[in-house]
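Read through the structure below, which is laid out as structure tokens, and then see the notes.
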Amino acid sequence: MRVLIKNGIVVNADGQAKQDLLIESGIVRQLGTDISPQLPCEEIDASGCYVFPGGVDVHTHFNIDVGIARSCDDFFTGTRAAACGGTTTIIDHMGFGPNGCRLRHQLEVYRGYAAHKAVIDYSFHGVIQHINHAILDEIPMMVEEGLSSFKLYLTYQYKLNDDEVLQALRRLHESGALTTVHPENDAAIASKRAEFIAAGLTAPRYHALSRPLECEAEAIARMINLAQIAGNAPLYIVHLSNGLGLDYLRLARANHQPVWVETCPQYLLLDERSYDTEDGMKFILSPPLRNVREQDKLWCGISDGAIDVVATDHCTFSMAQRLQISKGDFSRCPNGLPGVENRMQLLFSSGVMTGRISPERFVELTSAMPARLFGLWPQKGLLAPGSDGDVVIIDPRQSQQIQHRHLHDNADYSPWEGFTCQGAIVRTLSRGETIFCDGTFTGKAGRGRFLRRKPFVPPVL
């Protein structure tokens, strides 16, 4: 299979140029002006469009069972939506397994979930839900098998205490793995939640009030300090929602500590006023949506380089599930938002087209830095000879309004309903194969490949 993309503006994190791009057998073979292939190939005219590396979303939750519900997107519908939004690689956060289970148990379960369903290439983050000698001994073996990142939780059922966190940080660091963490102070949240429930205050807005930004920021500061105690272990903070936590991360970075951070479109573009709408339960996620002042602080981090990655935390529960389970009580509502299809378009529109970020910075946030941090570079996140032919073509001249009925996930709503975006995803290629074109999904279940990721190597801070 040969594909020649002509006349587009090819953008990588380190620059852009109007040039052609030749893909053969799923691999980028040549970039240059006026490429004339010696053999027949499919030609795609990208005149007036940006040609970006396919998106790498390093934070999804497909087919996750949270105890009270299972998310409504599996690895087919979830990766289909990703493909239609210009994302060609996902790294899924595996959910909690049975009490006391080994790391391998969840890996085998999740490989079974994805094997015959994934449309695009995929990998997984391990999840450490308890610490014992067997788990610590298993970590190096998992890294050898291509899982080079693991997630810890400071809240929820399988939260770790500080001693367990230190043990995990040390062993992961020794084994060549990156520690990722969901940072919220569980005790403070439980106290606030109990206070509201006792007073009969169960409307959606009390979800946000029960998880104030200080709960998140305190946990971020604690993790930074624990990582330092654990021998300057590398640390990745997921789904940052506030500026105080970002200040702590800036300070750590100024002290040359190896810390990185992601945020998500919902924290950049949605705010806490959503909880006071008639459909406020649609927006229950943790950490919760914040106020506009916090949005502005995050945008500063996007613009000045303090934030490294924009991912989605895609975790879809239908409105029907939310209403049936919660019965109007925020504390019973399953957490999470859809968004894997909208990430690239939303950030392009609100970032590149407004002048907040350059096209190169867009690549850094959506594909290049995720690939570097999580052991996929230069196979992913780059358009250069030898890299995978993963491409998203965006036409900046087109304007689109997001409507759920046109999306490809399995949710029954979109938090982005009615958002108007400047710039449209017109084509997605995965390893040279067109899997989305002009509004139509053309991929197939099972074509995605499991990616064995390289051990963690820190990018230059």
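Positions of Cβ are set from backbone N, Cα and C atoms, glycine also.
Under the heading divalent metal cation 1 binding site, Swiss-Prot lists His59, His61, Lys151, Asp313. Annotation source Swiss-Prot lists divalent metal cation 2 binding site at Lys151, His182, His239. Here Swiss-Prot flags Lys151 as N6-carboxylysine, drawing on sequence analysis. As annotated by Swiss-Prot, substrate binding site applies to Tyr156, Ser286, Asn335, with the evidence given as sequence analysis.
Where Swiss-Prot records a feature, it is marked here on the structure.
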| residue | record | DSSP (3 states) |
| --- | --- | --- |
| His59 | divalent metal cation 1 binding site | strand |
| Lys151 | divalent metal cation 1 binding site | strand |
| Tyr156 | substrate binding site | coil |
| His182 | divalent metal cation 2 binding site | strand |
| His239 | divalent metal cation 2 binding site | coil |
| Ser286 | substrate binding site | coil |
| Asp313 | divalent metal cation 1 binding site | coil |
| Asn335 | substrate binding site | coil |
Item to complete: Go through His59, His182, His239, our binding-site residues, and report the one whose Cβ sees the most other Cβ atoms within 10 Å.
Response: His59
Worksheet, complete the sentence: Sequence-ordered binding-site residues within 10 Å (Cα) of Ser286 (substrate binding site), taken from His59, His61, Lys151, are none
Worksheet, complete the sentence: Rounded Cα distance in angstrom between Asp313 (divalent metal cation 1 binding site) and His239 (divalent metal cation 2 binding site) is 7
Fill in: Cα within 10 Å of His59 (divalent metal cation 1 binding site) - qualifying binding-site residues among Tyr156, His182, His239, Asn335
His239
Worksheet item: Over all shown protein chains, what is the count of other CB atoms within 10 A of the CB belonging to His61 (divalent metal cation 1 binding site)?
Response: 21
Worksheet item: Which residues, same chain and not among Lys151, His182, His239, have a CB within 8 angstroms of the centroid of the CB atoms at the recorded divalent metal cation 2 site?
Response: His59, His93, Tyr153, Thr180, Val181, Pro183, Ile237, Val238, Asp313
Worksheet entry | His182, His239, Asn335 filtered to the binding-site residues whose C-alpha is within 10 Å of Lys151 (divalent metal cation 1 binding site) | His182
